[in-house]
Amino acid sequence: MEIEGYEKIIEAGKIASKVREEAVKLIXPGVKLLEVAEFVENRIRELGGEPAFPCNISINEIAAHYTPKLNDNLEFKDDDVVKLDLGAHVDGYIADTAITVDLSNSYKDLVKASEDALYTVIKEINPPMNIGEMGKIIQEVIESYGYKPISNLSGHVMHRYELHTGISIPNVYERTNQYIDVGDLVAIEPFATDGFGMVKDGNLGNIYKFLAKRPIRLPQARKLLDVISKNYPYLPFAERWVLKNESERLALNSLIRASCIYGYPILKERENGIVGQAEHTILITENGVEITTK
């Protein structure tokens, strides 16, 4: 069976993997989050890809969906547990990968729990594989370390220019008749926490997605919508990719209110527990499972 876009899938994985390994070395106390995010996104482009979504840098109890805003001054601190989640695409074929950096040196086991869960479940995949059984494996590994998997976060099957296709890979056991099989491109991302084991929505995290073109009164907002719909019709974008200065924020907010764009909320652990994450993209072929972001 020939897999559509195979070479591009593999190339996107190589780019994402290389950038992840380079970016990890930049994460240190006193370094600005913006510096790391811009390095990631620019490096992906240098290597011949495009960011599949804004670089996510989520610290401590934040599990996902924070990217630095325009002129963001936030810096890493020496007790931070940092999740770096990045994606690259080549002609729409996506690679999605994440790693946790423990600057505090107090959460080695938490980091190990999500990593071990990731590699264990990948090793156990035998297509067609029930996604509920995958969740069971992830849950058992994380719980064996004394932590909880985050039950309302999940991995996802990806298509060309589509990060989430409707099939999710749970981090806990679920009774389901959904399977992944040969030809599927899948992001698997176990999250472990010492908190409640669920996330809740926080404020907007500076990441947006185009929804539709609608009539807009404000000329500046119409212009901004044209830029967004032309450049980011399918995949998420960062506010700093489309705003030149703070005065344009009014236009962005009017697009959210008009449901022209969707703003992703930050996802926080429900009891402010510390969160660790590990993620790889896999491609299921007739010859077995390939980790594209290894």
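Here the Cβ of each residue, glycine as well, is placed from N, Cα and C on the backbone.
Swiss-Prot lists His65, His164 with the feature substrate binding site, giving sequence analysis as the kind of evidence. DSSP assigns His164 (substrate binding site) to coil, not to a helix or a strand.
Here Swiss-Prot flags Asp85, Asp96, Glu279 as divalent metal cation 1 binding site. Non-local contacts of Glu279 (divalent metal cation 1 binding site) by the CB criterion (under 8 A, 6+ apart in sequence, same chain) comprise Asp85, Asp96, Thr97, Ala98, Ile99, Leu118, Gly155, Ala187, Ile188, Glu189, Pro190, Thr293. In three-state terms derived from DSSP, Glu279 (divalent metal cation 1 binding site) belongs to an extended strand segment.
What Swiss-Prot records for Asp96, His156, Glu189, Glu279 is divalent metal cation 2 binding site, and it gives sequence analysis as the kind of evidence. According to DSSP, Glu189 (divalent metal cation 2 binding site) sits in a coil region rather than a helix or strand.
Of all the binding-site residues listed (His65, His156, His164), His164 has the fewest other CB atoms within 10 A of its CB. In the structure as shown, the Cβ atom of Glu189 (divalent metal cation 2 binding site) sits within 10 Å of 26 other Cβ atoms. Here the C-alpha separation of His164 (substrate binding site) and His156 (divalent metal cation 2 binding site) works out to 6 Å.
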